[in-house]
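Student: First the structure, then my questions, so here it is.
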């Protein structure tokens, strides 16, 4: 039984990290006042590019870098469409998702059936020896440990630095940012592009860090879950971290149950991310007025 619990917690942390990166990236973008429903596309681009470059070069870290760049390009495309071309935020994000879904389906066909060794675990002395939670938290791959560090760093940057204040002010009071001599459009372009890079890293974690192969649409709605996590966490980085691991636990529970012989239909596993997203959005709405940036509320309210 303890073995199954350890497997569950280990899977929850790994899967939670896949969600954590795009959620953190989405938080940065939304703090500037831009929602990105194309996060799913950024994850797909990062996942396919990361595994493709890893297969081609044999270097997973070069693959990871390429995946991050691919995600950043997706974020930049959405940012330019919204900020420069004044496209509707929700529509632009969905268009990016559909575009990337098609492109990765075509380009990724060459990677079917090819497998690489996923990033191996790096055990942290003493901590990894703690029963059950030790191996789950401290015998993971490097990308998981980077995730542990990213959250407090983003929290400190957003809430404790001048550039973080500018980011938040861009989402809340763009006129104040202009008065301070900054350009809200530039801030948003950078923020959403950085958010896309994080989405790409989430995709890399999935293909290069966990499964070691590529299949069509393999992010399976995780990008939409990440967007929901940000709203549920009320734009707080530590809340995002908790939400990501909570979702990771739910997703890992379904997978581990199937692995241990329980009759879990594959179609049920496929819809779990979408069901969880709906549940989170309902719970978020029930909590009353959003704590999100005013520019974000205005943009969403204009089409609802």
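The first residue you see is number 1, and the count goes up from there.
Even glycines carry a Cβ here, placed using N, Cα and C.
TrEMBL labels come from automatic prediction, so no person has curated them.
What TrEMBL records for this protein is below:
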type	residues	note
TRANSMEM	61-83	transmembrane segment
TRANSMEM	90-112	transmembrane segment
TRANSMEM	132-158	transmembrane segment
TRANSMEM	189-211	transmembrane segment
TRANSMEM	267-286	transmembrane segment
Student: Grab the same-chain neighbours of the transmembrane segment (189-211) for me: Cβ-Cβ under 8 Å, and only residues 6 or more beyond its ends, written as numbers and ranges.
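Tutor: Answer is 14-15, 17-22, 24-29, 31-32, 34, 36, 38-39, 41-51, 54, 60, 63-64, 67-76, 78-80, 82-84, 116, 118-119, 141, 143-144, 167, 170, 218-219, 222-223, 226.
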Student: Please give the sequence-distant neighbours of the transmembrane segment (132-158): residues at least 6 beyond its ends with Cβ less than 8 Å from one of its Cβ atoms.
Tutor: 2, 5-6, 9-10, 12-14, 17, 20-21, 24, 27-28, 31, 64, 118-124, 164, 167-168, 201, 204-205, 209, 236-238, 240-241
